[in-house]
Structures are given as C-alpha cells and as structure tokens.
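Can you keep this structure in mind? I'll have questions shortly.
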Amino acid sequence: MKKVAILGSTGSIGKSTLDLIERSPDKFEITALTAAVNVDALADAARRTNARLAVIADESRLRDLEDALQGSGCQAAAGADSLVGAATGDSDLVMAAIVGCAGLRPTMAAVEAGKTVALANKEALVTAGDLMTEAAKTSGATLLPVDSEHNAIFQSLAGSRIDQVSRIILTASGGPFRTASAEAMRNATPAQAVAHPNWTMGAKISVDSATLMNKGLELIEAHYLFGLPSERIDILVHPQSVIHSLVEFIDGSVLAQLGSPDMRIPIAYALAWPERMPTPAQRLDLAAIARLDFGEPDLERFPALRLSREALEAGGSAPAALNAANEVAVATFLDGKISFPDISKLVDMALQENESPAPRSIEDVFEIDRKVRTDVTAMIEGRCA
Ligand SMILES: NC(=O)c1ccc[n+]([C@@H]2O[C@H](COP(=O)([O-])OP(=O)(O)OC[C@H]3O[C@@H](n4cnc5c(N)ncnc54)[C@H](OP(=O)(O)O)[C@@H]3O)[C@@H](O)[C@H]2O)c1
C-alpha cells in the first residue's frame, strides 16, 4: 500500500487523483487531504477514502470541518501550519495540487522533508525554482512532474542523461483563442477564456492556457525540472493535444509521449512510479484522429509567452514577479474587472517595475509576491478609477 497525501484534493487535479486512488483501493491509502475553503467536498472525500487527516486552509472553517467529519475517525485541522503538517506527515507520496503560489510553503516543506512529490503546482516551482531544486538535492526528495508536458518529457527521457538531449519541445494546444482575431481577444469574456477546447481544468490554469501564460510557466518549470537553458526549450503549437511533448536527442532522434488529453494518465504515472497502473482514460485511436497539426506560437497575440521567456532568462526575482502579477491579473479578469489583453499588459508592467533581488529563502519569495501583488492591485485601481 502506497500512502498518499493530496494537497488541493478538492480541485481538478485533486479530484482526478482521488478518482484513480478510489479505483485501486488495494494499492493506495490516503493519509491526508487538504482544501482551501471547500469543507463539504473535503469532508466527503475524507469519509469515502478513510483519510486520517483533513486540513482546511481557511481557519474560520475549522468548526464546520469538525462537524462534517464527526464520527468518521478523520482528524480535522486548519491553517498554514496544518497544511505543512499534511505535506510532511506520514506518506510515501505527496500530490502537490494546490493552485498558485499558495502551494509553495507546503510543497517546499514536502521537498525539504525528502518526500516523493508529484508536482502539479507549477507556480511553486516557477516562483522558487532554484531554492526548490537545491532543497531537493539536499533532502534527496524526488520531483515527479504531473503537468502533462513535463510528464511526457520525463517519460520520453526514460532515464537518459540530459547531456544526450539537444532540446525539449513543449507542445501547446493554443487554447480557446488560437485562431481568434485581436479584436475578438479584446472582447473575450471569462466564460470564453475558461472554455478550453481539449482539457477540463480549474479556472486559473484555463485562463493561463488562453493567454499562453500556462505555456510560459511550463517553460520555466521545464528549465528547473530538467536543467536545460531557455534556448534548448522550444514551444510548438499542436491543437489536438495528442503529443504531450517531445525530446530531441543529440543524434537527431525524437521521442514523444502520446495519449488522449486526460490528466489521469500523467497523474497515474506519478502515482504508480516507478511502476505503471491502469487508468480509465480513453485509448488513443490515431486512425480516427487521422491528422496531427503543428505550428509556431504567435508571440504578438500571445505576449505572455514572450514575457515568460524574458523572466526565465532574467532569472533572480523575475519568475516570482511574473507569477504574482499573473495571479492577480487573472483573478481580476475572472471578476470581470479588466479585459483579456490587460492580463499580459499588467504582467509586462510588473516585470518592468520589479527591482527585487533574487530570493534567498521562501520568505524572500513571499516578499516579492506580496510586493508585486500590491503594485499590480494599485495599477488596476488606477486603471479602473
Ligand atoms: N487542472 C489541470 O488539468 C492541470 C494540469 C496541469 C497542471 N495543473 C496545475 O495543478 C495545480 C492545480 O490546478 P487545478 O486546475 O486542479 O486547480 P483548481 O481546480 O482550482 O483546484 C485548486 C485546489 O487548491 C486549493 N486551494 C486554492 N487556494 C488555496 C490556498 N490559498 N490554500 C490552500 N489550498 C488552496 C483548492 O481548494 P478549494 O476547492 O477549497 O478552493 C483546490 O483544492 C495548478 O498549479 C495547475 O497549474 C493543473
């Protein structure tokens, strides 16, 4: 029995993880589940899976969680320290699936504790990449990529040495606005932006997929996971999301991982690693798909991708600043208060204003995050005033 703790168990990745685990009750045992505010879904999952610990980040909901778990035998806890407790407590694998920089502290704690961490929470690695990879080296933690692209690269590398790799190629579906005009993008609504053509995901990552910031964050994530510089990480638009990413080796061979667009495939790979496990994901029918298309990303209509590469190449505090600005801008767009193109404009302005030194601890990352959030909020208030 593999003991699993799921951080962000009520989200899209968290629920898919639970789905797989509940299909293999003889292989996995849930030790801890966490959520931000969603007491009902957290308590329901804790009861179904006989979890030992359920943590709600919002301390004001502890009483509700205790009530919902009464008689279940599952311990209820709340707050930031309890999230860290869930990440570092008894488990063989921690699924890091909180969205945004909010996941950094517990994810880092799991890494520092030397855990095997299935990493979905890309923002944690983007904001604290050097610190997290150093911490993993020191503690002996293993980072297993859950993002479908990085999981595909991990599978395609199949243990090859990174000096045998000439480049990696991250595929991008292009999102819901791949072929939209600049005019249509100016008028895009939150509902249109979250309607991803191939994947069903949480709201924040769906908007990131529409701006291509998601691919930008993945570019930075790939740099930290695989240790390759920006110029050896390419982006290829591939609308069908069948090839999840590719590795080109120094001899010209290219290996790729293919599959239907169902996050349960990469999640299962991380859960079962170094073995494999069955999933209910639809099998790939290439004859029915018949053709696969590829193209270059349009950096004019999708400036977030260019900004992400600039942040990666600038290094230091730039990736954390990029992420913080994006998180505020996306939340404000989802609230209907700014336009779709404003997201990238705000990120651009925040990067230009960012003068913070490189973070030397995660407290420094939180300081950069706080400062950029304040600055971007002020920019938005200035625009809306
Ligand atoms: N969805 C995908 O297909 C996909 C694919 C690749 C990578 N990822 C990455 O995986 C991560 C999760 O994405 P998602 O789509 O699953 O997000 P989601 O559906 O929005 O779920 C987010 C989870 O995090 C919890 N959470 C939110 N804010 C929190 C906070 N301040 N403190 C503690 N917990 C918090 C939520 O709890 P509540 O339910 O209580 O709000 C929920 O459990 C993201 O980093 C995303 O980029 C997702």
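Note: Cβ is positioned from N, Cα and C throughout, glycine not excepted.
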TrEMBL records D147, E149 as Mn(2+)-binding residues. Which of E59, E66, E218, E231 is assigned to the same site?
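Answer, per TrEMBL (Mn(2+) site with D147, E149), from E59, E66, E218, E231: E218.
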Figure out which of G174, G175, G202 sits with T10, G11, S12, I13, A36, N38, N121, E123 in the NADPH site per TrEMBL.
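So the NADPH site in TrEMBL includes T10, G11, S12, I13, A36, N38, N121, E123 plus, from the candidates G174, G175, G202, G202.
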May I ask which of the binding-site residues T10, S12, N121, K122, G202, E218 have a CB within less than 6 Å of any atom of ligand 1, listed in sequence order?
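Passing the 6 Å Cβ check against ligand 1: T10, S12, N121, K122, G202.
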When neighbour density is defined as the number of other C-beta atoms within 10 angstroms of a residue's C-beta, which of the binding-site residues T10, S12 has the lowest density?
S12
Within 10 Å of N121 (NADPH binding site), Cα to Cα, which of the binding-site residues D147, H196, N214, E218 are there?
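Of everything listed, what lies within 10 Å of N121 (NADPH binding site) (Cα to Cα) is D147.
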Considering Cα atoms only, can you say which of D147, E149, H196, E218 is the nearest neighbour of T10 (NADPH binding site) among these binding-site residues?
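Result for T10 (NADPH binding site): the nearest of the binding-site residues is D147.
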Closest of the binding-site residues to E218 (1-deoxy-D-xylulose 5-phosphate binding site), Cα to Cα, picking from S12, A36, D147, G202?
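That would be D147, nearest by Cα distance.
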Compute the average pLDDT of the predicted model within the domain 'DXP reductoisomerase C-terminal' (258-374).
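Residues in the domain 'DXP reductoisomerase C-terminal' (258-374) carry a mean pLDDT of 97 in this prediction.
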Does anything in the same chain, at least 6 positions from G202 (NADPH binding site), have a Cβ under 8 Å from its Cβ, and if so what?
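Set apart from G202 (NADPH binding site) by at least 6 residues yet with Cβ under 8 Å, we have G11, S12, I13, V99.
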